[in-house]
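This report refers to the structure that appears directly beneath it.
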Amino acid sequence: MAATFPLSAAAAAAAAVYSPVPRFEFCRAFRGHCASARRDVHCALRLPAAAAAQEATGPARGAMAAVAARGQAEAAPYGGAGEGSLRMVFLSTAVAVCGSFEFGTCVGYSAPAQAGIVSDFGLSNSEYGIFGSVLTIGAIIGALTSGRVADILGRKMTMQLAAIIGIFGWFTIYFAKGPTMLYFGRILLGYCTGVLSYVVPVFISEIAPKDLRGGLASSNQLFICSGCSATYIIGALLSWRSLVLVGLLPCAILLVGLLFIPESPRWLANTGRMKEFHASLQKLRGENADISEEATGIREYIESLRRLPKARIQDLFQRKNMYAVIVGVGLMVFQQLGGINAFGFYTSYIFSSAGFSGKLGTTLVGIIQIPITLFGALLMDRNGRRALLLVSASGTFLGCFLTGLSFYFKAQGLYAQLVPTLALYGILVYYAAYSVGMGPVPWVIMSEIFSIDIKATAGSLVTLVPSFCSPRRAWLQCCSWQG
């Protein structure tokens, strides 16, 4: 579920580090509030490289202009004189998004499994609420460590580590004899999702040619939705223990598939392994492709990034950066406070409480999510981020209102025949509206609004917001149902 905590997407910011700063409508709306360094980067994108170098002043701005110039050079087609093939790029992306699918299955598992787990272990709503929310505790740990682990071990080995931890987590849940094992397995799955949510988009952005990077990176969000939808649909047919197999399968495919794809050439270049860097890039672009121009561009881009001053946490609160930080953090807070985790973790329970079939309801949610997410992706660049956010926020309000109204009628004994219908329409409207805007758009905006010198630090801060919001809100929701 793009929905539940697009830490998923956590790495939309990291992906943008490797491309020039986009100039979209949302960015233009508050261009005057952004840092002067960011304006230099925009100028560098519009001017020739030589003019950009003259325009920038000081070592830091000069480095930023160089980074922008390198990004402009990379925008050229990946090939040179030779003719290449992108089969390995597509294969590598297909393997990597198994991690995105795994993310979706972990998030979506608690909704269809709730009735079976509560029945088999005799858990109260509060105890099951812990099972649903501890996933985010593991995700916080995973998000905090993922960047460092990926830089030390490499992208491939980090994905392998996450897949192995995910397998242990699923087996712990499968063989659980009590709540403690369930909670421990769920935390392991949370760590797995926290790591994958960072490393998968970064890996895809680093292996893809410039002209395909955006489309391939969007497959991450699509497969998160697909994993969640598959869990909802299949969960209506299988027991909660059998549903574990849906989560194990993408982990197994990821482990095996990683043996047949190359490591990220950018990571190899960044670690100084130049021979392996050239071999990896050649394998990704095809045997006959001329990679000399792209290889030079990558090396120069990395050197330019190294010349940038290292950002500190306190730099985020400078006046020139505060507006972008407030926008990024604020969007994440409103995304999470809109109730997505309460819906995501307890969809089946909400349907059942309203008198509607929990299995049928979660199946319908799973069916609508994928096409709605695709529709939103098509509209994002055409209609702009702000328009989608406004429409999506209005839709999620309407969905929450209809769902709340159905339970108000139930509590007051009014219009009993309308209660299940109102709950169904409310939840479906909520998911549709969330998937088209409030789910993916904040992550895209986050990757666009920060100047390149603070992008990594600001991205880490914004990435942690959903995880810190999720456990508290899910727990409060659970306690309110219990009461």
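Yeah, the Cβs are placed from backbone N, Cα and C, and that goes for glycine too.
Marked as domain 'Major facilitator superfamily (MFS) profile' by TrEMBL: 92-483.
The feature transmembrane segment is assigned by TrEMBL to 128-145 (among others).
Annotated transmembrane segment per TrEMBL: 157-176 (among others), in sequence order. Outside the transmembrane segment (157-176) by six or more residues, the chain places 96, 99, 102, 106, 142, 146, 149-150, 182, 184-189, 191-192, 195-196, 199-200, 203, 241, 244, 247-248, 251-252, 254-255, 258 with a CB less than 8 A from a CB of the stretch.
Look at TrEMBL and you will find 182-204 (among others) tagged as transmembrane segment.
Within the chain carrying the transmembrane segment (216-237), a Cβ under 8 angstroms from the stretch's Cβ atoms is held by residues 1-4, 6, 8-9, 11-12, 15, 89, 93, 97-98, 100-109, 111-113, 200-201, 204-205, 208, 243, 246-247, 250, 344, 347, 359-360, 362-363, 365-367, 369-370, 373-374, 377, 435, 440, all 6 or more beyond its ends. What TrEMBL records for 216-237 (among others) is transmembrane segment.
Under the heading transmembrane segment, TrEMBL lists 243-261 (among others). Outside the transmembrane segment (243-261) by six or more residues, the chain places 88, 91-92, 94-96, 98-99, 101-102, 105-106, 109, 112-113, 156, 159-160, 163-164, 166-167, 170-171, 173-174, 189, 192, 227, 230-231, 234-235 with a CB less than 8 A from a CB of the stretch.
The transmembrane segment feature in TrEMBL is assigned to 322-340 (among others).
Long-range contacts of the transmembrane segment (360-380) within its own chain (CB-CB distance under 8 A, at least 6 residues past either end) are made by residues 1-3, 108, 111-112, 218, 221-222, 225-226, 228-233, 235-236, 347-348, 350-351, 388, 424, 427-428, 431-432, 435-437, 439-441, 444. The transmembrane segment annotation in TrEMBL covers 360-380 (among others).
If you look up TrEMBL, you'll see 387-408 (among others) marked as transmembrane segment.
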For the domain 'Major facilitator superfamily (MFS) profile' (92-483), the mean pLDDT of the predicted model: 85
